[in-house]
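Here is what Swiss-Prot records for this protein:
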- Asn12: site 'Discriminates between blocked and unblocked aminoacyl-tRNA' (SITE)
- Tyr17, Tyr69, Asn71, Asn117: tRNA binding site (BINDING)
- His22: active site, proton acceptor (ACT_SITE)
- Asp96: site 'Stabilizes the basic form of H active site to accept a proton' (SITE)
Amino acid sequence: MTDTWLIVGLGNPGAQYQGNRHNVGQMVLDELAGRVGAGFKSHKARAQVVEGRLGIGGPRVVLAKPMTYMNVSGGPVSALANFYGISPDHVVAVHDEIDIPFNTVKLKIGGGEGGHNGLRDISKALATKDYLRVRVGVGRPPGRMDTADYVLRDFGTAELKELPFLLDEAADAVELLLQEGLTAAQQKFHPAKTAG
C-alpha cells in the first residue's frame, strides 16, 4: 500500500446542488485543491480528482469529488482506493453533519453513519466503517422541516457570511489530521467541555 491519502468530498453532482448544505464536503475539497495548487480533472472512477501534495513537503493526496449522487458514493470511493492502492485507513470522508452546529468541525474514525446515506454506501463499498471522517456542521433543520429538504437547500444569508471561515477551518482540520494524526486534530478542533 501507499502513503497517499484519499480525501473524498461528499455531495451531489450538478449546478443545482452546488450551494446546498449537503455539498459542503465538496466545497471543502475546492478549498483544499486551491492549497494543492491544481484543478480537478475527470477520472474513469466517476469522480473529479486532484493529485498533489498538501503544503511544501506535505502528504501526498488524491482529492476526489464523486460524480455520482451522494447515496451511491461508495463505488467511486472504492474504485479510487483500488486504483491508487490506498487502504481504508488512509481514506478521509469530508461530509455535512446535521448533529453538530453550523460552523463546527469534528473528526472521528469509524462508528455509525448517523443516517448519512453517503457514508453508509462508502462503508459498504470499503467493507469497513474504519475510515476517517471530517464532519462539517450544518446544524439541524428548524421546527418540523424535513431533514432531506433542509440539507438539499442552499445555506442561508447569515450562514453564507460565515461559510468561507467554516470551509477554511475544515480544510485546516484535514491538513492537521494528515500531518499530526487524529488525536492532535481532535484536540484542536473539539472544544474542551467546561465544568458546571
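For all residues, glycine too, the Cβ spot is worked out from N, Cα and C.
Structure with Swiss-Prot features highlighted.
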residue : record                                                               : contacts (Cβ under 8 Å, 6+ apart)
Asn12   : site 'Discriminates between blocked and unblocked aminoacyl-tRNA'    : Asn20, His22, Asn23, Tyr69, Met70
Tyr17   : tRNA binding site                                                    : Gly11, Asn23, Leu152
Asn71   : tRNA binding site                                                    : Asn117, Gly118, Asp121
Asp96   : site 'Stabilizes the basic form of H active site to accept a proton' : Leu10, Arg21, His22, Asn23, Val24, Gly25, His116, Val136, Val138, Val151
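DSSP assigns Tyr69 (tRNA binding site) to coil in the three-state reduction, outside any helix or strand. Listed in sequence order, the residues Asn12, His22, Thr68, Met70, Val72, Ser73, Gly118 complete the 8 Å Cβ shell around the tRNA site centroid, once Tyr17, Tyr69, Asn71, Asn117 themselves are left out. The DSSP secondary structure for His22 (active site, proton acceptor) is helix. A sphere of 10 angstroms centred on the C-beta of Tyr69 (tRNA binding site) encloses 15 other C-beta atoms.
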